[in-house]
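According to TrEMBL:
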type	residues	note
DOMAIN	A:16-210	domain 'ABC transmembrane type-1'
TRANSMEM	A:20-43	transmembrane segment
TRANSMEM	A:55-78	transmembrane segment
TRANSMEM	A:84-104	transmembrane segment
TRANSMEM	A:150-171	transmembrane segment
TRANSMEM	A:191-210	transmembrane segment
């Protein structure tokens, strides 16, 4: 045990830090893009507050296109774009662009379904009280959707962690990279098991936090 | 105060044109409670949603205090809506905030000053009798309590008009009664004009001054509640009346009884009761009244009584007796045809 930590401790720690870095930075950017995108998709839907068939269809198709590309392909497919945005295609920086591009449309879809769960009756009640659309979006739609938004974001974080595991392929580092390079390619099986166990624990913790947070907001 | 003129609303569904409301006019004066009753699909829900333009009518005019809402800008319309409260079948409260915030948030959004907020919320919670529930969440309340919160929310914006869209339809009979009492109270004490829709005749009976019976998008019968209960003309109105008082006898029973006399329904309105009149005819004419069914319906503005009676006797005596009853102001309806 202690020799294992002596041998690999430093490497694993670095992997954890890198995974957290990649996840948190791309999560924040993906939220900043995905949540407003999700709101836009919901609001422009036919019958909703800002119904606009053209905008809705364009957003819908855009999200679908990006979401249909497997991450591993997206990673290489957008290399020129990544290079243009951050100037490099390797390291934590290089992986952020594909991670965001992968996660933001996913978040948009998750947010869309969270907003669709909000009772149309409440929105109608606020319309009947003479509230402005902006007030309804902020004080009804976003407020009531919070529990489902949190559950959706929890899903997004977990899938994002999965995606960072592929980051090693562009030299992004992280836990997945360690498991692949040392565990798989260099037959250090025990290292791979440890990394998998760590990922399992991480996912469990995140899901538990998400569930509890959503339950507290839900008040049921 | 509320005036709907020749409202028509059509929807397109699967490329077919559906007429939900077909030329309905309604006029509610200040301080009155009017009710629209109809089965589901009659168009009453669409109609009430036309009053605050949640649904824009295809044709017709919506006048609130003489102002045509269809001519207003969306900004002006929002202001008018603020003066029209609305309550719903499913309450439509925010689930993720407390009772207090359910009332306070719309107040804040409509520009009530922060310092006045607490007083205002507490005042209306008091009116609906839920002062001790301010810190609860809607999920912790019963259906009746949720509707009270919704009523407090609507009232707190201090509207002159309240629209009620099946507000008691999801509640049990006892809770329905308490909510109706509350609506009567706010009508009397705050002078709020109420337009409601319902499929329950007891709602009309208890609180409405005027009633409109709706079917297939049209008003088939309308009038003061008392009159409509005493003299229902349209079959649908009669069907609704049957839901609160057993007015129907079987055809075979009526047929058997009509051999030896006449089965007659006597309806009287207000203070007169049928009993002395029946005693009188048995004294004056050679007829024996035999009561088959009787009931009294208490309305908001009076009482309507019904006696279904079997009058035994020969044709001449019966005719005289019926004429006498008619003369003393009792409405007569012979069941199962005329006397032979």
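Cβ coordinates are placed from backbone N, Cα and C, and glycine is handled just like the others.
All TrEMBL annotations are machine predictions without curation.
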> the transmembrane segment (A:84-104) and the transmembrane segment (A:20-43): do they have three or more Cβ pairs under 8 Å, with pairs 6 or more apart in sequence?
Replying inline: yes
> Would the transmembrane segment (A:55-78) and the transmembrane segment (A:150-171) count as touching if the test is at least 3 Cβ pairs under 8 Å, pairs 6 or more apart?
Replying inline: yes
>> Give the nonlocal contacts of the transmembrane segment (A:84-104) in its own chain as ranges (CB under 8 Å, at least six residues past its ends).
In response: 18, 21-22, 25-27, 29-30, 33-34, 37, 66, 71, 74-75, 78, 156, 159-160, 163-164, 167, 170-173
> Is the transmembrane segment (A:191-210) packed against any residues at least 6 beyond its ends, judged by a Cβ distance under 8 Å, and which are they?
Replying inline: 4, 8, 12, 15-16, 150-151, 153-154, 157-158, 161, 165, 175-176, 178-179, 182-184
